[in-house]
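Here TrEMBL flags 12-30, 42-64, 76-100, 120-142, 162-183, 203-221, 233-257, 277-297, 332-354, 360-379, 391-410, 416-434 as transmembrane segment.
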């Protein structure tokens with residue numbers, strides 16, 4: 001009886017919660033090991049953490065301007081499509097669906113499972129099959145919630161953002177107390193150059209940027225934001241500054257309590273920290289960390305489903321995925337599409353290999369999106385954006401992203417080559433199906449038949465009102 005479209009339900013508070021909830025997740029609890037391992041020393045690792053925060057702020061400011069210039073949802077995909085054209089946007093979509101997003105979701109899900117089970121098996125490591133089972137149960141729970149209600153997904157994200165900040169506080173406070181008492185022995189020779197290997201630095205940046213990743217999430221739900229011209233810049237600036245301060249203090253706390261060898265040997269750095277510094281909370285902090293990962297999974301599903309939704313609407317993805325449930329007003333087919341690939345990656349994956357595997361593709365396309373901002377400014381000088389950043393911000397961010405991507409071929413050639421191959425495999429698909437529209441004779445009929453049957457089964461229809 002009412003029009004079917006995605007409602008504007010993301011207020012400023014919910015946008016802030018979406019960003020905080022997406023950034024503060026598994027990264028700060030698993031990435032310190034990766035950053036330290038590839039940077040070589042405590043001092044250089046802290047420099048990497050701060051540099052990643054500064055780089056994230058540059059990227060967030062670029063995306064805030066893109067979000068005020070381009071009024072569609074879809075994040076990286078729609079920005080590349082509108083500025084650089086259909087081929088690079090399709091290659092992003094291809095890599096995002098088959099590599100970036102399922103690997104990212106698998107990393108967060110595995111961290112959720114590991115931290116959720118840690119209190120039950122300490123001091124031993126939790127069995128791998130049990131970790132993977134709990135990881136999948138957590139992912140499927142979030143998937144169901146996003147299929148059920150946009151409002152409840154947003155409320156959960158707000159509540160879990162508070163939990164995430166509480167988890168960081170419980171790590172920061174004891175570390176700062178010990179530091180104030182003069183426990184600075186772990187910071188002796190903090191900038192030891194003997195262990196610094198320059199060609200490993202891109203992997204240190206990948207691990208650090210993974211912990212900050214999420215500053216772009218509001219761009220995926222632009223059409224569902226209340227007052228986006230005002231709320232996007234406000235939300236990204238406040239949230240990124242909050243996370244930079246929190247992450248720097250958290251890492252200082254880690255190193256105050258744990259030595260470099262302890263951090264490198266720990267499969268779950270936050271748990272090792274609590275075992276050493278705050279034994280009374282040994283069963284509490286891992287659960288808070290697990291809930292943080294749960295919130296990151298929720299934010300990831302919430303936003304990526306909008307990318308598939310917009311790509312389908314733009315004609316680069318099957319039409320079923322631009323449909324909305326007639327009562328729930330959620331993009332149900334787009335939400336459900338990811339679970340087979342995520343399930344497979346959780347079952348066979350390892351966190352640190354997955355991290356390098358998807359980071360190459362992700363930062364390649366983020367760099368292309370900010371390059372698109374520069375191109376868009378040159379092509380449309382008459383366009384007055386309500387939010388504009390100095391030109392050196394997108395230029396420097398783009399150069400750093402693309403340089404880091406190029407350097408990573410020397411650091412981890414196997415995983416990076418796999419990611420590159422997945423991106424390039426989208427070329428023939430684009431030219432045969434999207435560009436030249438070469439189909440087998442029976443394919444359109446079969447596709448229409450399956451779409452119709454799935455529409456009836458899922459109770460979904462096309463959006464009736466433009467929201468951009």
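Every residue gets a Cβ built from N, Cα and C, even glycine.
Worth saying up front: this structure is predicted, and the values here are computed from it rather than measured.
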Long-range neighbours of the transmembrane segment (12-30), counting only residues six or more past its ends (CB under 8 A): 107-108, 111-112, 115, 154, 157-158, 160-161, 164-165, 167-168, 210-215, 217-218, 221, 225-227, 230-232, 234-236, 238-240, 242-243, 246-247, 250, 268-270, 289, 292-293, 295-300, 302-303, 351
Surrounding residues of the transmembrane segment (162-183) on its own chain - C-beta under 8 Å, 6+ positions past either end: 20-21, 24-25, 28, 246, 249-250, 252-254, 256-257, 270, 273-274, 277-278, 281, 284-285, 288-289, 291-292, 295
Result, the transmembrane segment (233-257) in contact with the transmembrane segment (416-434) (3+ CB pairs under 8 Å): no
Cβ contacts the transmembrane segment (233-257)/the transmembrane segment (42-64), at least three under 8 Å, sequence gap 6 or more: yes
Tertiary contacts of the transmembrane segment (360-379), as residues 6+ beyond its ends and Cβ separation under 8 Å: 59, 62-63, 65-66, 69-70, 76, 79-80, 82-84, 88, 92, 95-96, 99-100, 104, 206, 209, 213, 216, 391, 394-395, 397-398, 401-402, 404-405, 408, 415-416, 419-420, 422-423
Long-range Cβ neighbours of the transmembrane segment (76-100) (under 8 Å; 6 or more residues past either end): 63, 66, 70, 216, 219, 304, 307-308, 310-311, 314, 316-317, 337-338, 341, 357-358, 361-362, 365-366, 368-369, 371-373, 375-376, 379, 419, 422-423, 425-427, 429-430, 434-435
